[in-house]
Amino acid sequence: YGEKSPNSIRVFFISALSFVGTNVLRCQLVVYTYHLRCYVYQARNLMALDKDSFSDPYAHVSFLHQSKTTEVIHSTLNPTWDQTLIFNEIEIYGDPQTVAQNPPNVVIELFDSDQVGKDEFLGRSVCSPMVKLIPEEDITPKLLWYPVTNNGKASGDILFAAELILRDKKLTLMFVAPKLYMVPQGIRPVVQLTAVEILAWGLRNMKNYQLAPVMSPSLIVECGGEMVESVVIRNLKKTPNFPSSVLFMKVLLPKEELYSPSLVIKVIDHRPFGRKPIVGQCTIDLLESFRCDPYTTKEDIAPQLKVSLLSAAPRQDTVIEMEDTQPLLAAQEEEIVDWWSKFYASVGEHEKCGQYIKKGYDTLKVYDCELEKVPEFNSLTDFCDTFKLYRGKSEDSDDPSVVGEFKGSFKIYALPDDPTIPAPPRQFRELPDSGPQECIVRIYIVRALQLQPQDNNGLCDPYIKISLSKKVIEDRDNYVPNTLNPIFGRMYELSCFLPQEKDLKISVYDYDTLTRDEKVGETIIDLENRFLSRYGSHCGIPQQYCISGVNTWRDQLKPTQLLQNVARPCTFSISFISEANKILHQHLGPGEERLALHILRTQGLVPEHVETRTLYSTFQPNISQGKLQMWVDVFPKSLGPPGPPFNITPRKAKKYILRVIVWNTKDVLLDEKSITGEEMSDIYVKGWMPGNEENKQKTDVHYRSLDGEGNFNWRFVFPFDYLPAEQLCAVSKKEHFWSLDKTEFRIPPKLIIQIWDNDKFSLDDYLGFVELDLHKTIIPAKVPEKCNIDMIPEYKADSSQKAPRTASLFEQKSMKGWWPCYVEKDGSRILAGKVEMTLEVVNEKEAEERPAGKGRDEPNMNPKLDLPNRPDTSFLWFTNPCKTMKFIVWRRFKWLFIGLIILLILLLFVAVLLYSLPNYLSMKIVKPI
């Protein structure tokens, strides 16, 4: 049963009686009456479910067993309802304090209204209402953005608030409008008259609509219930920019950024018979980035286009003169620097840059990301941003397709409430010419890093493919085999018209002989942004102004001309400038240009650089496929031809020849014993350069060395490919016999000399070796007595002793003397012998002028090698029996042989005596004298 309480609270009593001996259950249920107010203000970024790229959304709000619906807003993805839904007489069981702590949720469901068929579901959002147990309490809910989801997928946001009020008998219900009730003051956002300036620069990459190209589009901008439309582009293909670029409108926008409405961009194509379909649209949510103070001194947003300096009137300026205190480097000094020396010096690989830094040359900036992602350059969108345009019905599993791009920008600032106060100055002024510009584009591809493997061997054979509009360069012939970190060193030059041909696509492909080449990844550069940016990203400025050498100025205007362009808005100019107190070289230009360049470098312009761009693949989006180090220069042809391009061709190894003449050996370990028991060695010397093991060479054999001395007069000739700037040898060889291409390795130039003992009926015995670094060659001893194992740098354990002297063979050209050879034995190194050699490095030209053959072969010259003057004991014993008897047997057993001969004579005499004596005695007896 139930009874009415005085505070509109109904109390229900439920009792249960049973037989004697059982418990009695009594339950009291209290019902409270509440009043719910739902404030539905607006939504943004809803799904497009109609073919015209929009929806007709309305909100269906449910709370417990009641629901209400807002009005329908037609053809929009960012509806503003500004409506209050009121739910009266809501009964909730339970203690109000419990309800306040855990109130029931308000469910907002958004639908797209369709005239034919069932309304389509857009998404759902859940909100927890604010509970007021005391209706008179002065607390108001705050509108907040709640996410709208559809099957777990984000489908927009809704600005919503709700309050649940406990009813009281003294509460007088407010008057409810028969149809709509707006969000009351205090809850709805506070608005202010605001100016929105639109820089409608142009449209790019518009796709066909209904099988017909977009030819005559115009732009509609909507914000806060206001709308402005641009003029029509008569021919989008020829002139993709709007004839009149600046639009203006006044809008009532919330002061608090949280409540700012979205800014909607619509593109309409003007077609025959009055048809004006919407061919693309874009919604911009965050307007805070476009707000500005119109009264602050701002930089001119116009790009630093190359204009004539004749219009600039000369002004009087302070002159600063400083005398040069450092002399120029000698012009005749031989230089082995190139652009790669500059690059390696910039990335810290100083071992590959030679004397580049010591000569006073400048470096460049190497960014580890795309130039657009460098924070100080504002994504290169300081002039205008790029907004992607979408259209079409959004399916559950697909994102809306991009149908074009809008180039433009916005400036938003507050207007004074008093109409008598002058309006702030306009923000978009002194805009550049929007007509097409014919440009020269130079693409420099330096190298790639960490490419994804494409072949079965875990490597790939990459090459570059360039696409700019309909122009394609496929550099398939210059692929780099068997590497994931290729050095390309390629420069490509193209002509294009901006803004029609603004998207530069750079792809890396894997070369395959039998199958189709696979794309490793690609990157796209917006050339128009670089051309228009005031940061001068079309051509980075170097640290020094050079008129020759590897750092020759490549821009179209000199630094003083560029400085005049930058200085003109700031009302100052430069009439005389100079520089001093630096190490100078012969390639520098005039002093006034150098100091003008120094001033330019303080203006925050893009420096001479190499950017590192990430490669992406359509098959694995958002996953890096490697890095590409490169940069792009853009030069308008209206300013004349640009400077000469940089030569970034990869370093090619030069042909060098190492000539090694082995004269003698001394104190070589005696490893064998002769048949007569003497210690001896059959010595020969072997040599090669690491990386060219197939070109090992050895001398003839010095047989029967009894004291470790060997004589050879033998020449080794080792041709090798050498990179002077990197001081490395380039070695190309196939990794496997089935490999199609050779793989290049770079190793330090070294010479290995080994001493061996020759054996005819067993393996030769290894005696010792010495390894010589041709850049840090041990200075040899002049006489063998001063040649010892202390000359080996690695062997010296006592740090207090002076390290052995070394010298570069490439600088010395030639060395002659004695070098020690050693062998590891019982964990220590022992002297295994000494080798007298002459080392000489010659280039290809010198080798042709002064030829020399291997060993003692023709041409035997430079110098001529005679047969060694070896001892008579040096021969192979079983090939010369007479010499063996003379120099081996007779020399060692001479007295033994003499004694044996004497003994044989004596024995023969005794034998004859014994044989003849009986006869003689018998004759004496028979016939005595």
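Cβ from N, Cα, C; glycine included.
Annotations in TrEMBL come from automatic prediction, not curation.
Residues annotated as domain 'C2' in TrEMBL: 16-146 (among others).
Summarising the annotation, TrEMBL assigns domain 'C2' to 176-300 (among others).
Per TrEMBL, domain 'C2' is recorded for 422-540 (among others). Here the domain 'C2' (422-540) has a mean pLDDT of 93 out of 100.
Feature annotation from TrEMBL assigns domain 'C2' to 640-787 (among others).
Look at TrEMBL and you will find 845-859 tagged as compositional bias 'Basic and acidic residues'. Counting residues 6+ beyond its ends, the compositional bias 'Basic and acidic residues' (845-859) has Cβ neighbours under 8 Å at 657, 659, 697, 699-700, 713-717, 865-867 in the same chain.
Taken from TrEMBL, the feature region 'Disordered' covers 845-866.
Residues or ranges marked as transmembrane segment in TrEMBL: 895-917.
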Within-chain partners of the transmembrane segment (895-917) [C-beta distance under 8 Å, separation at least 6 from its ends]: none
DSSP-derived helix, strand and coil totals, residue by residue, for the domain 'C2' (422-540): 9 helix, 55 strand, 55 coil
